Amino acid sequence: MGKFHSFVNVVALSLSLSGRVFGAIGPVTDLTISNADVTPDGITRAAVLAGGVFPGPLITGNKGDEFQINVIDNLTNETMLKSTTIHWHGIFQAGTNWADGAAFVNQCPIATGNSFLYDFTVPDQAGTFWYHSHLSTQYCDGLRGPLVVYDPDDANASLYDVDDDTTVITLADWYHTAAKLGPAFPAGPDSVLINGLGRFSGDGGGATNLTVITVTQGKRYRFRLVSISCDPNFTFSIDGHNMTIIEVGGVNHEALDVDSIQIFAGQRYSFILNANQSIDNYWIRAIPNTGTTDTTGGVNSAILRYDTAEEIEPTTNATTSVIPLTETDLVPLDNPAAPGDPQVGGVDLAMSLDFSFNGSNFFINNETFVPPTVPVLLQILSGAQDAASLLPNGSVYTLPSNSTIEISFPIITTDGALNAPGAPHPFHLHGHTFSVVRSAGSSTFNYANPVRRDTVSTGNSGDNVTIRFTTDNPGPWFLHCHIDFHLDAGFAIVFAEDTADTASANPVPTAWSDLCPTYDALDSSDL
């Protein structure tokens, strides 16, 4: 760790080599985290920003690249956290568990006035990802942005004409009150931002600018849809256009035609849009499941504009979805079978995670996750090898190496109350993708070709979503609800995978070892 060490000299080189000219950065870059006032929906508030913008700048690279992202913490605002971490959502971090970014699982936070270099490779991954703070609810205050790893040999390349920085679409919930100053569980966002712009339906809002996405009639576009949400899921659609899904969270899938996509916090999809309609303006809609749930006056909206169309707001009308995305229709393009034997419990280790809530905290198997003062990775490197020795007590599960694992998430109702209110809860597993052998809304198991992803909705009452993965990546990996307010209330566990080989598989840099002493020395006002 260093004081504001800079990589700007190599940033210019990497940008010139990548040829991407729409403001993207990476794979070698500085990423400065600072406070600034922003007005994305007509209301001004102080925020935590990456690169001085919301959402944070698009970070790009190619399959096989080494990413070297130097995070510089310039945070000073007393109403929000001054320390930070960055998680690279969906990146496996094989051999670099220390760079996964989950505070108190994989690292101590970066102290204000300091920097830390995240250095990792993506040898076997390509697709649509994102990055965000993984310290308490900090990303709800603005520290979130898209990450794309391009594949020069993309199997789907023949299906589209355009795939660049202009075809990334982020969906965000936005709050006018800093996360630590507001309620523990907000009733809903104040607005929804599409690529950083939206409208607030309350006092002081009005007809603010909306994001305009421009297409040329006759071309086919690969849009990369990224939910950088803290809480709500969105129903996404584009008036007058169908979408063909080809990628789910960094995994290529068979082409699937839909006219709406329900997308949960942390999820990503690539879809092909054929710009085959008349030259005009069309509403893009992203309706959240909480807060304002319509599009009156252009809230929850952006604009799809064909080249040469008049620069006015659309007059198109929403229609009832007739081919909405159904998760069980998604089929991986390569190696589609789930790990293990094709039967219930046909794995090396199966477990059920039972949820509960006491009014202020969430529990998994009767334990609420309380961040330890010593990161789980550091505990393992210091000699702790079994669950009984690892903190937080009851929230760390050791997993054997090279084994098939099955996890079930039963959602039940007792005396009229859900075991975990605020459903549906999207659960994200770090360090892996998994096969969803039973999806929300389904009572059947699919072992032959289930969707493969890293973030899944666990559904509603009566659901028992079940996932499978293989333990081929030593280290501690977070499994948690991606509704960030729920995570902050303890809705998480850690899988300590192959603890015996964690140290040899994940050599840590000196700068990582310096993080905890620096953070632990901070005054409470600088945390």
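Residue numbering: from 1, along the chain as shown.
For all residues, glycine too, the Cβ spot is worked out from N, Cα and C.
Features as listed in Swiss-Prot:
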| type | residues | note |
| --- | --- | --- |
| BINDING | His87, His428 | Cu cation 1 binding site |
| BINDING | His89, His132, His482 | Cu cation 2 binding site |
| BINDING | His134, His430, His480 | Cu cation 3 binding site |
| BINDING | His425, Cys481, His486 | Cu cation 4 binding site |
| DISULFID | Cys108-Cys516 | disulfide bond |
| DISULFID | Cys140-Cys230 | disulfide bond |
| DOMAIN | 25-150 | domain 'Plastocyanin-like 1' |
| CARBOHYD | Asn74 | N-linked glycosylation site |
| CARBOHYD | Asn77 | N-linked glycosylation site |
| CARBOHYD | Asn156 | N-linked glycosylation site |
| CARBOHYD | Asn209 | N-linked glycosylation site |
| CARBOHYD | Asn233 | N-linked glycosylation site |
| CARBOHYD | Asn242 | N-linked glycosylation site |
| CARBOHYD | Asn276 | N-linked glycosylation site |
| CARBOHYD | Asn317 | N-linked glycosylation site |
| CARBOHYD | Asn358 | N-linked glycosylation site |
| CARBOHYD | Asn366 | N-linked glycosylation site |
| CARBOHYD | Asn393 | N-linked glycosylation site |
| CARBOHYD | Asn402 | N-linked glycosylation site |
| SIGNAL | 1-23 | signal peptide |
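A map of Swiss-Prot features onto the structure.
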{"residue": "Asn74", "record": "N-linked glycosylation site", "Cβ within 10 Å": "17"}
{"residue": "His87", "record": "Cu cation 1 binding site", "Cβ within 10 Å": "27"}
{"residue": "His89", "record": "Cu cation 2 binding site", "Cβ within 10 Å": "27"}
{"residue": "Cys108", "record": "disulfide bond", "Cβ within 10 Å": "25"}
{"residue": "His132", "record": "Cu cation 2 binding site", "Cβ within 10 Å": "27"}
{"residue": "His134", "record": "Cu cation 3 binding site", "Cβ within 10 Å": "28"}
{"residue": "Asn366", "record": "N-linked glycosylation site", "Cβ within 10 Å": "8"}
{"residue": "Asn402", "record": "N-linked glycosylation site", "Cβ within 10 Å": "9"}
{"residue": "His430", "record": "Cu cation 3 binding site", "Cβ within 10 Å": "28"}
{"residue": "Cys516", "record": "disulfide bond", "Cβ within 10 Å": "17"}
- prompt: For Asn402 (N-linked glycosylation site), what is the secondary structure by DSSP, using just helix, strand and coil?
  reply: coil
- line: Same-chain, non-site residues whose Cβ lies within 8 A of the His425, Cys481, His486 Cβ center for Cu cation 4 are Phe362, Ala420, Gly422, Pro426, Phe427, His480, His482, Ile483, Leu487, Phe491
- request: Specify the nearest of the recorded positions Asn317, Asn366, Asn393, Cys481 to His428 (Cu cation 1 binding site), where nearness means the distance between Cα atoms.
  value: Cys481
Among His428, His480, which are binding-site residues, the residue with the most C-beta atoms within 10 angstroms of its C-beta: His480
Message: Helix, strand or coil by DSSP: which one applies to Cys516 (disulfide bond)?
response: helix
- prompt: Where the distance is taken from Cα to Cα, which of the recorded positions His132, Asn393, Cys516 turns out closest to His486 (Cu cation 4 binding site)?
  reply: His132
Inter-residue C-alpha distance, Asn366 (N-linked glycosylation site) and His482 (Cu cation 2 binding site) (nearest angstrom): 19
- prompt: Using DSSP, how many residues of the domain 'Plastocyanin-like 1' (25-150) fall into helix, strand and coil, respectively?
  reply: 7 helix, 58 strand, 61 coil
